[in-house]
Amino acid sequence: NRENSINLCNPHLEKMKEDILYHFALGTGTHDFPALFGDVKFVCVGGSPSRMKAFIAYIAEELGIGSPGGDYPNICAGTDRYAMYKVGPVLSVSHGMGIPSISIMLHELIKLLYHAKCSNITIIRIGTSGGIGLEPGSVVITRQSVDATFKPQFEQVVLGKTIIRSTNLDEELAKELLQCSKEINQFNTVIGNTMCTLDFYEGQGRLDGAICLYNEEEKLQYLKEAYDSGVRNIEMESSVFAAMCNLSGLRAAVVCVTLLNRLEGDQISSSHDILVEYQQRPQKLVGYFIKKSLEKV
């Protein structure tokens, strides 16, 4: 079924004899993309290479694919920019931190899926975030990604002109994920807006960076305004993720756990063991969703 195939918004690619995905160390002249990736139906992306390797091992066990404790080679071992792992119909890819890093990865990932002739793809970003007005450990499924002024848009300068793109995410997919969380019934999960910022410190109103020229009262006023506008968490990748997935016709979601409530502080002070458990929550939710989609629940 090619009905829901990748919408590639670049007519120039058809004229190229070979497409080198430089940051993946893959290319259409050296790799058989349909053979390697043609069966992919679910793509999960997250910041950390080690977290995405842990996710692929987790999903392999959940789906009963591969041997217990088996090793999963990094498909992008020829580069140190990103890591990629695959088991069955699931692809797991790291994207680093921030809009520029995930943007580069997504350009090459979307082309990879297109060259592999993939169809009916669901792509989900799993990660961590700072919560607003939520208990630490709560999971937020993003309704809209908003910028630091709470507008649901992604701004990019292209050829000297500012382009504004929509950051809506798939509403039905968000509802399906919320239903999955209710069925798991292990942690608090909400649908809310996610604020995507350009940095971790000043851009998120922290008081503990190297530079801070505002006071605590101003910070709290800003975060309360964010909450009142529907924002429930803050991270640094969702806006460009939503914009690029929209343009490419990809069914997409963002699922992030909150590591702290930003109305109560700026520094992540939970123990390592608690943080590890928190970080597993988006993996559990998305893993359950994939199993349910494949009728393995």
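Each Cβ is built from the backbone N, Cα and C atoms, and glycine gets one as well.
Per TrEMBL, domain 'Nucleoside phosphorylase' is recorded for 41-290.
Long-range neighbours of T128 (phosphate binding site) (same chain, six or more residues apart, CB within less than 8 Å of its CB): G47, E235, C256, V257, T258, L259, Y278, Q279. Summarising the annotation, TrEMBL assigns phosphate binding site to R81, R125, I126, G127, T128.
What TrEMBL records for Q204, R206 is substrate binding site.
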Residue pair I126 (phosphate binding site), R206 (substrate binding site) - Cα distance, angstrom, rounded: 23
The number of other Cβ atoms within 10 Å of the Cβ of I126 (phosphate binding site), counted over all protein chains shown, is 26
Return only the integer: C-alpha distance in Å from G127 (phosphate binding site) to Q204 (substrate binding site). 17
